[in-house]
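All remarks here apply to the structure that follows.
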Amino acid sequence: MYISPCLDFIASVLRFRLRAQRRIHASVGYVVAMLSTIHVVGSFSRHGWSIVNQEHNRHAALALAGIYFVLIPIRTFPSWIPYEMLLSVHYLAAGWLGFAMWRHIPTDTNFSRIFLYVISGIFVGSLTWQVGETVYTNGWWFQSVSLGQNGSYDYIQVRMALRKPVKVEPGQYINLWIPLGPLSGVQSHPFTVANWSTHAQTELKVFVDVNRGLTSKLRDAVKRGLKSNIGLYMGPYGSTTDMKGYETILLVATGLGVVAVAPYLQWLVHAIRARGICSAPIHLIWHIPSWKQSHAVFDIIDFALALDEGDDTKEGGRKPPQISGLKISMCYEEENSLLPPKVQLFIQEMEKKESEKPGRTRIKVYKRHLPLETLLICDAVMTPAHDDSEKPTMIAASVSKDMRNTLVEFAEEHSRAVDLVFTDYQP
């Protein structure tokens, strides 16, 4: 429980996915609670209520209360409480728990105190490592941050210009800190990096889905006219999913979940064009509940389309062979009259191309109903391959709960042929 102050950092060091690290962290907490309860019940059965009269045992009772408190999932608290505040309370409770355990251990018990010394040393060492790494990756100073928004302020677009270039792999995220008020010193938030490059990047782009806490403060600041600020970041954290060796790859997203799969899309298209992988055209299936949010990420999709079209040239001025490595299926639910003019024009253009070349366009737009299962069945290879990959189909998803259930059922039904992974960010 006390191996590091930040799960993101220790998961990156140990090469675990954040979801796995969170499960391990929670499991250790439950084991500690169970053993502590057994210890307390055993002490009461032997000594009765008289043990409460001893000061170090009163600290034990407070420690047990602290253990039960930190086991309460954050999602069970009222939705109006900011996430960062709950996280800070969790950290404070964990700190109090450590202090109470220290006061509970008798002074003549050397082995137990040595054990606590070791745990404290590991914690301080990992904290020092994390602080040093953060200072180094930020180039020993603050980064320049620019802020933008859509008309309804459903999201905030953050661009961070880096003093020191950093290599970001698809699927990785950063913890972003931007000073916005008295409590901002303890408010940072994880955001998936939306852009990808073959080289170390000098700019990181993230899209902030506005909820509570830091994200709400960002929206309020932008509404007041704030366009730029300073900031720091920690990371990049998270592991990238290995997608080499699959015959077909599908990326599925809901709304701003496309931000989590877009770096994979860009990397895969580049790898296909560079002959780095051999795969059928990458298929992005994107369900769009609201164009007010989603049309902002058009530049990410445009970048992938530009890669697929072969805008880059090799040395000597020769273009590489034109290999179509991408197709996109979009589904929107809003009435055309309610869509932004730019989006209406885009949809009309896509529908015109589809009518001229049925089934041969890279982008197909659906209205109201997304035929998800039909698209999965059409693209997925259902029989095990005979090459390096035991499962020929990979599905990577950042989707809403109902689509998540559909994908899980599909993957379980075709478990011998389909690998299903979910990104760290889920809408």
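Including glycine, each Cβ sits where the backbone N, Cα and C put it.
Nobody curates TrEMBL annotations by hand; they come from automatic prediction.
Copied over from TrEMBL, here are the features:
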- 138-243: domain 'FAD-binding FR-type' (DOMAIN)
- 24-44: transmembrane segment (TRANSMEM)
- 56-74: transmembrane segment (TRANSMEM)
- 80-102: transmembrane segment (TRANSMEM)
- 114-132: transmembrane segment (TRANSMEM)
- 249-269: transmembrane segment (TRANSMEM)
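For the domain 'FAD-binding FR-type' (138-243), the model gives a mean pLDDT of 83. With a cut-off of 8 Å between Cβ atoms, the residues of this chain six or more beyond the transmembrane segment (56-74) that come close are 26, 29-30, 32-33, 36-37, 40, 43, 83, 86-87, 90, 93-94, 96-97, 100-101, 103-106. Break the domain 'FAD-binding FR-type' (138-243) down by DSSP state and the numbers are 13 helix, 47 strand, 46 coil.
Residues 1, 7, 16, 51, 57, 60-61, 63-64, 67-68, 70-71 of the same chain lie 6+ residues outside the transmembrane segment (24-44) yet bring a C-beta within less than 8 angstroms of a C-beta in it.
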